[in-house]
Amino acid sequence: MTAVRREAFGRMAPEEGGGEVEKFVLQSDSVRVEILSFGCIITTLETKDRDGQFSDVVLGFDTLEGYTRKHPFFGAVVGRVANRIANGRFSLDGKEYQLFLNNGPNSLHGGAKGFDKVLWSAQVLPNGVRFFRLSPDGEEGYPGDLKVWVTYTLSGRELAINYQAQSSKTTPISLTNHTYFNLAGQGSRDVYDHEISIEADSYLPVDDTQIPTGEVAAVQGTGFDLRQPVELGKHLQKFHLDGFDHNFCLHQGQDRRLVARVFHPPSGRIMEVHTTQPGIQFYTGNNLDGSLKGKGAATYPRHSAFCLETQNWPDAVNKPHFPNVLLHPGEEYNHSTWLVFSTA
């Protein structure tokens, strides 16, 4: 059984539009997760180690103020398009669209005020919570009135996130959740002792602004071959990598499949990622620098967390040979990701 509770978390400042922010607590025997109606943000995710001790394994803040200030998308749902669009530009049906540039020369995670920075309406479900918002035509430069539903459900050891959307005009869309994990517990120094595997035969090389070059490169014989588990710290050293911030190309298909697995030997915690999405961005918190005060006054230095963001491929709207990222009127965008927690 999953218990669901809703409670007040804070109030938006008048200049941010005001409004009450609620927190939804989903709890099973083995997982406890807290999610905000602001940005659909996962603020807390507690799971057991091999001795049955709960720890919070996601980065974040204790107060709403932490989330309304600038931060690297901790726990949030990002959109309308996750990841980067080159030069913030794309063309549809002969019309050019210009987005806000918030990541060097590119647009990242929806622009200046993406889905992570707005209040969603919420509906409690027997085992979870469903959030809804209407992203109006022209918001952040994107075409079409977009209705979006994000549903979190918890059953036992499994947290499911489902994304659905419908648009009045053809629009690019790619939604993901940007939670930062550390299976040793949030506030731990690094993730070097985590063992990771990703079920991908290819990845996307990027230019110096993190935009895919267009090449779909084989992982074989490179530092991007994570098909067998690697210990992260040793692997980065071996291949002289500063960290990962790359899209791994998943086997295509609409069905649920296991795409990544992370094991933390000291605690015994395991996290599996299953998804219907065509890509997964593996990010090792390269831009964390210890300057943010997180939960319990923790600081978050470089490489103190990892993200596994299931999504479409970055800049797909400008790369015709990448998976289709366009949603047309009358169609439904519908993707799910499942996080499964266990111990060994």
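Note: Cβ is positioned from N, Cα and C throughout, glycine not excepted.
All chains included, 23 other C-beta atoms sit within 10 angstroms of the C-beta of His178 (beta-D-galactose binding site). Look at TrEMBL and you will find Asn83, Arg84, His178, Thr179, Tyr180, Asp245 tagged as beta-D-galactose binding site.
TrEMBL lists His178 with the feature active site, proton donor.
Residues annotated as active site, proton acceptor in TrEMBL: Glu309. Around Glu309 (active site, proton acceptor), the same-chain residues at least 6 positions away in sequence with a Cβ under 8 Å from its Cβ are Ala82, Asn83, Thr176, Asn177, His178, Ile280, Gln281, Tyr283.
Of the listed binding-site residues, namely Tyr180, Asp245, the sparsest CB environment within 10 A is found at Asp245.
Per the record's binding annotation for beta-D-galactose, residues Asn83, Arg84, His178, Thr179, Tyr180, Asp245 show a top Cα-Cα distance of 18 Å.
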